[in-house]
Structure formats: C-alpha cells, structure tokens
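Features as listed in TrEMBL:
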type: TRANSMEM; residues: 12-30; note: transmembrane segment
type: TRANSMEM; residues: 42-63; note: transmembrane segment
type: TRANSMEM; residues: 84-108; note: transmembrane segment
type: TRANSMEM; residues: 120-143; note: transmembrane segment
type: TRANSMEM; residues: 182-206; note: transmembrane segment
type: TRANSMEM; residues: 244-266; note: transmembrane segment
type: TRANSMEM; residues: 286-306; note: transmembrane segment
type: TRANSMEM; residues: 327-347; note: transmembrane segment
type: TRANSMEM; residues: 359-379; note: transmembrane segment
type: TRANSMEM; residues: 391-410; note: transmembrane segment
type: TRANSMEM; residues: 456-474; note: transmembrane segment
type: TRANSMEM; residues: 480-501; note: transmembrane segment
Amino acid sequence: MQRQSFIAGTSVLIGASLVTRVLGFVYRIALTRLIGAEGIGLFQMVFPLLTLVLTIVTFGMGVSVSKLVAESVVTGDRPRIRRILIVALGTTSTLAILLTLIMLLFGHSLAHYLFTDPRAYYPFITLTPIIGIIAIASVLRGYFQGLQIMSTPSVAGIIETLVRIVAVWVIAALSLARGQSLQYAAAAVSAGMILGELAGCLYMYIVYRRKVRVTAITLPENTGKPEPIIHTLRAMLQIALPVTFSRFIGSIAFAIEPILVTRSLLLAGFTTAMATRMYGEYSGMAIPLLVFPTVFTYSLAVQLVPSISEAIAAGRKEIVHRRLYQSFRVTALVGFPTSLILLQFATPLCDAIFHHPHVAPLLAIMAPAGFLLYLQGPLSGILQGINKAGIAMRNSLIGSALKLIVIYYLARIPHIGIAGVAIAVSISVTLTTLLHIQSVHRIIGFYVDAMDTAKILITTVIMGLFMHLLWLNLSMLPLSTALLLVLSSGLLLYLLLLLMTHTITSHTFTRIPGIGKPLSRWIKLIPFAR
C-alpha cells in the first residue's frame, strides 16, 4: 500500500473522522431519545472507569509503535519493526488478560464502591470483552500510522462506528420493547461497542495479513546496525511510560469525575436519579457538542507523531517548524468559528439536537475555551514527536488535578451544581494548553503569524454578526430549519471571506486526496479567489 504525505494523510484522517463523528453524533441523538438522559448517565458513569482500564492495557503502545516504526522506516530497519510489533503485542495481550480476569472476579465489589447508582454494574460488566480487542487494535493502528498509511485505520474507524450504531440501536430497542429495565438498555450500549471494536480490529488485521506485513512493505536499504531486543524495549518504554502515565492520570481524573460529580450533587441536595440525569446531560450532550471539532485536530495530532519522528530521524528540523505552523493554522481556521457558534447558538443547538434546551448554559460556559481545547491535541502530538512526552504528561497532570479541585468546591454549592463542572473543564483546558504552548515555545519555538491570525479572527467576528442578524430575521421559521439556514449561510460567508482575504487559496485544496483538484478548479472560478 502507498504511504501518504502529511497533508494527504491528515486529510484522510479528517475525512474518516468526520464521517464517524457525524454518524456517532446521529447515533447519540437517537440513543438519547431512546433511553433518555438517565440511561445515558448510567453508561457515562461506567465509561470513565473503562477508559482507565484501557489506558493501562494499551500502555501507550499505539504512540510508541507509531513513532518507532516511523523512525525505522527512515533507516530501512525491517527486523526492528518486527521486534516492535512482537514486544507491543506481547505487552498489551498480557495486560489485557490480567485486567479482564480482575474485572470478572471483582466486578460486583468495584461497582458497589465506585458507582453511586448500583444499576451501573450491568453496562460495566458487559464491557469486559472489549479490553483484549482494543489492546490488539491499538498496536495495529500504531503500525499503520507509523507507516503513514492512514486509510486503513480510518476505514476501520468507519466500520467500527457503523457496526456499533446498528448493534446498539437493535439491542437497546429490543431490550426496552420487552419491558426490561433501563440498566439493560445501558448494557446494550456496551454490547454494541464490543461488536463495533471487533469489526474494526478484524478489518485492520485482514489488511495487515494481505498487504502490509512486515516482510511485504517496501523500505530503503538498511543503514543502521542490528539492535538487541532489549534496546528496542528500552526505546519503547521511554515513549510508552510517559504517555501511559499521562493518560493514566487523565483517565483517573476521568474515572473520578462522575463519582465526584454525583456525590457533590448529592451533597448539594439533589436525589440520586437527578444527579445521574444531570451528569448524563453534561457528559452525554454538552461535552459531545464541545468536542465535535476535535475531529480535525485529533487527526492532526495522530499524523504529527510519525511525521515529526521521521523529520527528526532524518535531521530535518525545518519540517518540525512547518508542521507546528500548519497545525496552529488549521486549528485556528476550525476552532475560532466553532467556539463562537457554540457560544452564540448554545440554546438552539441543544434544543434542536437533544430537545434539552436547559443544557445550553453548560455548553456556553465551556465554549470560550473551545479553541484552546482543539489546540491541545496537536501540541501534545508535537511534544510526543520530539521525545518530550514526559512534559506533556506533567502539563496534563496539573490540568487534571486543578479540574478535580474546582469540581469538588463548586459542584457541591446548590446554586452552582453541575455548572461548576463546566467551569472546572474550562479552567483545566485553559491551563493545560497554555502550559503546552510554553513548553513547545521553550524547546523548539512557537511563533504565530500575527497578520494571518488577525484575518481569521476578524473573519470569524464578521461571520458571527451576520449570523446574529440573520437569526433575528428567521424567528418565524421552525427551529431546526432556521438553525440550519443560519449556520450554513454563516459558514459559507466565512469561507468566502477567507478566500477574499487570501487567507486560504485554491492551492490549499489541491492536496486533499480525491476531491482536491476538482475542488480547486471550482474555487478558481470565484472572481476574488486566487
């Protein structure tokens, strides 16, 4: 299979991630209407603990494999690539077996002590088989990313999402139709996730066996000396340990969050059912809207690790600076308008999508920090690519600790309640991203094109004013129709203004695989576009 350039690979990842995110968003809307905020709350109560378990199981091997395979490709070291896969699969498989046994043996006790709602046990124990599947999938995904073949994990992601949506919807609907309790419908969500992950993992394995086995890939002549397996293991651990610890801290914070939030809400005077519902609205409605644009920046972060690793291995530091500039620019182009839209239209978005307009204040609190959240992923990818994963870990640890402290003090205040969690997220995101910026600037330099950034900001403000005026004049239309017209018109104006100010040009689109060249020709037909 053909390796892809940085822009092409990122475009493939963005396209696939956008498809899976849209599908997942539609699925979440339908699921919310099927099992309600309380059912979503039950599943979301379990999900952070699962994330913690998966962090331990994957052990940072996805990032480690991606980075080291990319370095080995530069030197043509095929035996090293084979050793990397053996070590990674052996490590993750062993951890998966151990943690699966622990969950099966102590599931009841864990659920009793960790969850405020005993019904959460059912979705929790149903998720047990997913551990081994994700362990293997993370290594395969890292292998493809290290080879910069982004199409395979991208297609696997789409397959996983489609299978999960169908499976969850069918199982949950059948469960409710038979009159079973809400906890069984929440367990159906877990079962659907297992089937989806299994389908995606099988696809990657089939492609690996047929097309890109270690013995089949094309590499340059080996210019390095044979490396003992202990050196390979040491190199992997140097990357995996900081990444794992960083994710572990984040996962602990994520796992503690629902426990801390629900217990704080109980102290504020809310009932268990109300606390579960409020957490479901925050984590299952407000957060998905906020993080939707990370479909673009997450793809950048994934592509940055092998790309920067290759550049450093080849001694080309100018590529590192170019990738940093490209990452900030893409994040600004996406993040500025998205943050404004989420702030400006929080109420109509929550009403039209979820039929829960009262969730809007939570979204509005977090929206101003949206751009910094979207920038966080690429900056973390850059730090990992330049062998500074430990610094990214430290920054994330500080941000996560601050978030939990703020939640503890604010969520227990009756008149603040769940809004305190949204405030904590905004503060944590802001601090973590600023620490990442400071770290990158200190190590390799972080410079922003002030004029280019100002153009994007001004264009965003004009778009916001236009959408506000248009919204006032479309109030007689149905909510969903008016919202669709306003958002599509605003984003079209935003694109035209970017072309008019030459912030982007027709050449920008040429590198998009498949549709880039035809799209560029259409852009050139616009009189003021370059």
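We count from 1, first residue shown onward.
Just so it is clear, glycine is given a Cβ too, placed from its N, Cα and C backbone atoms.
Curation does not apply to TrEMBL; its annotations are automatic.
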Contact between the transmembrane segment (456-474) and the transmembrane segment (327-347) (3 or more Cβ pairs under 8 Å, separation 6+): yes
Stretch among 12-30, 42-63, 84-108, 327-347, 480-501 sharing the most Cβ pairs under 8 Å with the transmembrane segment (244-266): 42-63
Top Cβ-contact partner of the transmembrane segment (42-63) among 12-30, 120-143, 182-206, 327-347, 480-501 (pairs under 8 Å): 120-143
Distant-in-sequence neighbours of the transmembrane segment (327-347), which means Cβ under 8 A and at least six residues beyond its ends: 289-290, 292-293, 296-297, 300, 304, 357, 360-361, 363-364, 366-371, 374-375, 378-379, 381-382, 448-449, 452-453, 456-457, 460-461, 463-464, 467-468, 471, 483, 486-487, 490-491, 494, 498, 503-504
